[in-house]
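Reviewing the structure listed below.
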Amino acid sequence: MMKFINKIFFQQTRMEKSVLYCRLKGFNQQNYLDYIHQTIDSDQTLQDIFQDQTGQLGFKNYLKHEIFNNPNQLRSDLDAIYQQWDTKAKVQLKRVENFRLIMLMYLGLLERDFSKGGFYLIDMAYIKQTKSHLCQQKLKCFKHYIKTFYLNQDSIKDQQLVFSKNSITKEQFVKNFDQTNNQIIDFEFTQLKNEDHKNSTVVDFADENIGGLVLDTWNCAQEEVIMLIYPEAITCMLFIPKMKETEAVLIENLKKYSNYTGYEKTFVSFPNEDIRDSYNVLAIDAKPFYRDDQFTKDNIYRELLKCYAGFELSLKNQPNCDISTGRWGCGIFGGNIYLKALIQLLSFAVATNQVKQSKSKLIINCVNDQSLFEFGATLKQLLQSSGTQLNVINLKESILFLQSGIDDSMLQNQNTQLIKQIFTILTKDIPQVQKLSQQINSNDKVDALQQNIKQGEGQQQQINKNIESQYQDKEQYQKRKTIISGQTICIAFGILASLYIFIK
């Protein structure tokens, strides 16, 4: 709730790139290194990183003499980061360089002339000073990261992290969308969480202000959790400005330093002892639908473009990583679970078509949403039983169907009839229709046409049986069967008419 209040209160704030630039606090002091050393020694939250005196002394010496040994280098490193982002929309950092930035944030050694409520905080003072359960759990995540990095520095310090942005114009997206007419995709619905899939691209249900409210004292929704268990990602708040509707951000090669249970005020963190796996985090921000109609063409296109920008970026940069997403925009933003699932599937299909070499699949994690999980499991079963695959043509048609007078209230309470109609659209055998169009050009035009119409009718009858077996509502099934039969006859007559014109 507080995240919603913060967003509404500050949504009119305009942010230029320049205001994100950070300064080193106290840098102009004559004895700046002494200032840093005193800050490290006086920070009470660092006193128990190690329980033994020898370990604690070695850790503090590491900070003083290896991490913060060159003040001029600190300043030049910050300048280089802003120059990289402003000129290339991409920043590459060694893991140890990123650790140095996080320690600057942890110790409160950065400052800038910019404030946006709980967003874009670069100082951990709030969570260090507040003794609430949530703040203590957030702090535990960062302290475990600090300790784990220090203990594993020799093997991981030179590994590269990459922060990058993808910007897609509306015109380019429409062009790519219209050109994509023959693309099948691999997908899976699970009851896991986004971050449960190892070596994957984890979708961050982001705020447009990337990083969200991770360093404030009140909030711990999905984006905040992602930033806490992959803490190397929080440096994005130092240099990545508010995302536009046409932009997405990918952070590559992150380590997962903590695990957790709970959510918001029930969040509890504990160490992840195994950091061998790597993850990517993909930040895409959904549009909030508090009163606006999410089923309009403009709103659906906005969400399609946003997902496409992110999925294309991930498929290009990490083609061997599955994209692990879920109920994107379906929490306090009010998104409909079925519409958002179809939007993500369609965007993934268009992106896959553009990035030819990718072998990734889209994983939609439903966690505790049984209705969404059953929707996905049923769709998978129907596709398998009908011998077809999920394809972009049917996905486009399903979106058009939802634009035709459907609203969120009509899809509430698992509306059996509407969901059955969506299944019927998604399981149509498009490859058979394409094969038919090729056979019409052969010498056996009429025979091929008649044979394939019969096959299509038989296959549609099998799909009807499969859907009926999933839903025992006989009365509704009979109504849908009548509609489907009419569609089949119309398609057959359409093909016959086309063939007549062609032969004539």
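A Cβ is built for glycine as well, from the same backbone N, Cα and C atoms used for every other residue.
The number of other Cβ atoms within 10 Å of the Cβ belonging to D204 (active site), over all protein chains shown, comes to 32. Here TrEMBL flags D204 (among others) as active site.
Residues annotated as active site in TrEMBL: E223 (among others). Cβ contacts within 10 Å of E223 (active site), excluding its own Cβ and spanning all protein chains shown: 24.
Its Cβ taken as reference, E224 (active site) is surrounded by 25 other Cβ atoms within 10 Å in the chains shown. Residues or ranges marked as active site by TrEMBL: E224 (among others).
Sequence annotations record features per position, and here TrEMBL assigns coiled coil to 446-480.
The domain 'PARG catalytic Macro' annotation in TrEMBL covers 177-355.
Annotation source TrEMBL lists transmembrane segment at 483-503.
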